[in-house]
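See structure below.
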């Protein structure tokens, strides 16, 4: 077993997968070769204790010989990044089913927090470069095990499948196939981009499967959180903030703590938003026990236009709220701690980074679940 685990953690295994998919490091004797187009990227950086001290310190070119796999896996990698979640989850809430979006957000927050914390506790290195070609710069300073992209993709796809089975009628095999394809593409993209070993990816998938199985009996409790006592909002704010503020201390700065705070705060905001809707009866609540819809309505032009309009209105409002709350919270914190305004390095300090991220994205979550639906109703979009 130990030998198997070591082989799955071998960087050469990742490098062989990249070569089979047509991704190669550029020849070292001619650094200017293939210097244009999407065949460039960060592939090797100096490492200290298996982690890069400065991800921008050394850049090595790479050569793409199969652009089908290149674009397929770069697109698949985006499905596990922030840009996907800030579009797919709100779109699901506003246009498909708030009941599904609530479950998706709660499970997503749970698996992402556990995955991020596990990274900074285990402190396993990412694949070494060389021989691996690394295509992403931002997360190269983070540890590798487990792959949170694999965890998030598995959690989103299979939570959606499990939650929709008893709510909508569709071919189960089709839903299962889509869930497997989605999660598999994201998992393989982490190998193609050189960000994770095979063991990191498998570990992320297995941890998520365990968490889904463990929490599934309590999913009905998630559906009733909006009817909790008036003291519930205090717990929703205090507990997540405590978890973020006491995040495991790293040997150097990485975006892991900030990303974790963003995710947890968004989940807290969404949960608080559902509670506000129920307590003040602001918008109609998602029904947990709708009868099975025998035929999902076909997509028409009117439905598409309405959905895009609702999404556009919601995203614009969220962006405005995010920018406003972020600026106000940073000004207050800079003034409180007597920090020079617009000092980007100061944003990384624990006492500034966690509060401003938490306040900003809690507000975003509340806005997405409470104020955006109210605006939709006011504009006659519901």
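Each residue, glycine too, has its Cβ placed from N, Cα and C.
Note that the structure is a prediction, hence the values are computed from the model and not measured.
The domain 'Phosphatidic acid phosphatase type 2/haloperoxidase' annotation in TrEMBL covers 102-216. Secondary structure of the domain 'Phosphatidic acid phosphatase type 2/haloperoxidase' (102-216), assigned with DSSP and counted as helix (H, G, I), strand (E, B) and coil, comes to 83 helix, 1 strand, 31 coil.
If you look up TrEMBL, you'll see 24-43 marked as region 'Disordered'.
Here TrEMBL flags 71-92 (among others) as transmembrane segment.
Here the transmembrane segment (104-122) has Cβ contacts under 8 Å with residues 85, 89, 92, 142-148, 151-152, 154-156, 159-160, 163, 204, 207-208, 211-212, 215, 222, 243, 247-248, 250, 256, 259-260, 263-264, 266-267, 270-271 of the same chain, all six or more residues outside its ends. Annotation comment: TrEMBL describes 104-122 (among others) as transmembrane segment.
Sequence annotations record features per position, and here TrEMBL assigns transmembrane segment to 143-162 (among others).
The transmembrane segment feature in TrEMBL is assigned to 168-189 (among others).
The annotation transmembrane segment is assigned in TrEMBL to 201-219 (among others). Here the transmembrane segment (201-219) has long-range neighbours at 8, 103, 107, 110-111, 114-115, 118, 145-151, 154-155, 158-159, 162-163, 183, 187, 190-191, meaning same-chain residues at least 6 beyond its ends whose C-beta is under 8 angstroms from one of its own.
Residues 113, 117, 120-121, 225, 256-257, 260-261, 264-265, 267-268, 271-272, 275-276, 350, 354, 357-358, 362 of the same chain sit 6 or more residues outside the transmembrane segment (231-249) yet have a Cβ under 8 Å from a Cβ within it. Taken from TrEMBL, the feature transmembrane segment applies to 231-249 (among others).
Per TrEMBL, the feature transmembrane segment maps to 261-283 (among others). Same-chain residues lying 6 or more positions outside the transmembrane segment (261-283) and placing a CB less than 8 Å from one of its CB atoms are 82, 98, 101-102, 105-106, 108-109, 112-113, 116, 225-228, 230, 232-233, 236-237, 240-241, 243-244, 247, 353-354, 357-370, 373-374, 377.
For 303-321 (among others), the entry in TrEMBL reads transmembrane segment. Below 8 angstroms of C-beta separation, residues 87, 90-91, 94-95, 297, 363-364, 367-368, 371-372, 375-376, 379, 381 of the same chain, each at least six residues beyond the ends of the transmembrane segment (303-321), sit close to that stretch.
The transmembrane segment feature in TrEMBL is assigned to 358-379 (among others). Tertiary proximity for the transmembrane segment (358-379) is limited to same-chain residues at least six positions away from its ends with a CB under 8 Å from its CB atoms, namely 90, 93-94, 98, 237, 240-241, 244, 261-274, 276-277, 282-283, 310, 313-314, 317-318, 321-322, 325-326, 329.
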Cβ contacts under 8 Å made by the transmembrane segment (71-92) with residues that lie 6+ beyond its boundaries: 21, 38, 100-101, 104-105, 108, 135-136, 149-150, 152-153, 156, 182, 185-186, 188-190, 192-193, 259, 262, 307, 311, 314-315, 318, 368, 372
Taken over the domain 'Phosphatidic acid phosphatase type 2/haloperoxidase' (102-216), the model's mean pLDDT: 88
